[in-house]
Amino acid sequence: MQVMSQSATPRPFLLRFGEFIRFSHTIFALPFALVAMLVAGQGHVPWRIFGWILVCMITARTAAMCFNRLVDWEIDKENPRTKARHTLIGKSTGWLIFGLSVAVLLFATWKLNPLCFYLSPVMLVIIHFYSLTKRFSAYSHFFLGLALSVAPMGAWAAVQGTLLTFTPYVLAAAVLCWVFGFDLIYATLDVDFDRRKGLFSFPARYGVAASLRTAKILHIVAALAFFVFGWLGNLGPFYWAAWAIVLIALVWEHRLANPDNPASINAAFFNVNAVVSMCLLAGVLLNYYAGVRLG
């Protein structure tokens, strides 16, 4: 009688796929889509719109991450940090899920309003273009920030049906600078691999020290933009308390990050930045639903 060890039991597909697209990293963009949604609706958003925004966020990120993994398939197999990714699901399965995600995303934007639907091709280009930029630009980290900044813009358009106010652009700029900065920190882990393979990244071109200095500047700009967003949105004390925590978290991120210690980079990348996004979302939620407003 043959006995199969527990370790040989294959993991469920959803767990493997969640790891393939790094589902845990949804915590970076989704909270800012919800922040934009709440401020655009002044705390009053119909459940229908909320539901379709969630569908858009899930399918947009799934499509973008599938595309990223698929176009980097051969590169990731050679990188010690990412070499297990191609074992999680098959390539054809990845392309199938990518196509389905794009189709559902387009349908969801159509269900929201005409502006969201008409802008959806532009959004699709932006969120997928990032995956190609490391082949020719040291500023791929900027394009990642640009891709994530689409989330609050899209959520604002979903609620108001227009983008003719300054507020969502400020939030998008804050997200862009925040992501640009933390991806520079994270990219220091791959600097040697990128140089060996001739890949373009900011740390590979300008060095680790310059990357960390640039990340600090970007996070200062992001903090200022989050401040301006709170002022433009007439947000209350809960938001400002959250903003203060975010400020401390960003300072701590740069004190924690040590390129010679990968564990510290991973902690700075995921743990600290999860605090940033979730704190600001909590501040906005409390602003509207705890009944505390300025003025």
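The backbone N, Cα and C atoms fix where each Cβ goes, and this holds for glycine too.
TrEMBL: automatically predicted annotations, no manual curation.
Since this is a predicted model, take the numbers as computed values, not measurements.
Here is what TrEMBL records for this protein:
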TRANSMEM  20-41  transmembrane segment
TRANSMEM  47-67  transmembrane segment
TRANSMEM  88-106  transmembrane segment
TRANSMEM  112-130  transmembrane segment
TRANSMEM  142-163  transmembrane segment
TRANSMEM  169-189  transmembrane segment
TRANSMEM  210-232  transmembrane segment
TRANSMEM  268-290  transmembrane segment
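Between the transmembrane segment (112-130) and the transmembrane segment (268-290), fewer than three CB pairs separated by 6 or more residues in sequence fall under 8 Å, so the two stretches do not touch.
Same-chain residues lying 6+ beyond the ends of the transmembrane segment (142-163) with a Cβ under 8 Å from its Cβ atoms: 28-30, 32-37, 39-41, 45, 49, 52-53, 56-57, 60, 64, 112-116, 119, 123, 126-127, 129-130, 133, 169, 171-173, 175-180, 183. Through the fold, the transmembrane segment (88-106) approaches residues 13, 16-17, 19-20, 55-56, 59-60, 62-63, 66-67, 69-70, 73, 117, 120, 124 of its own chain, all at least 6 residues removed from its boundaries and within a Cβ separation under 8 Å.
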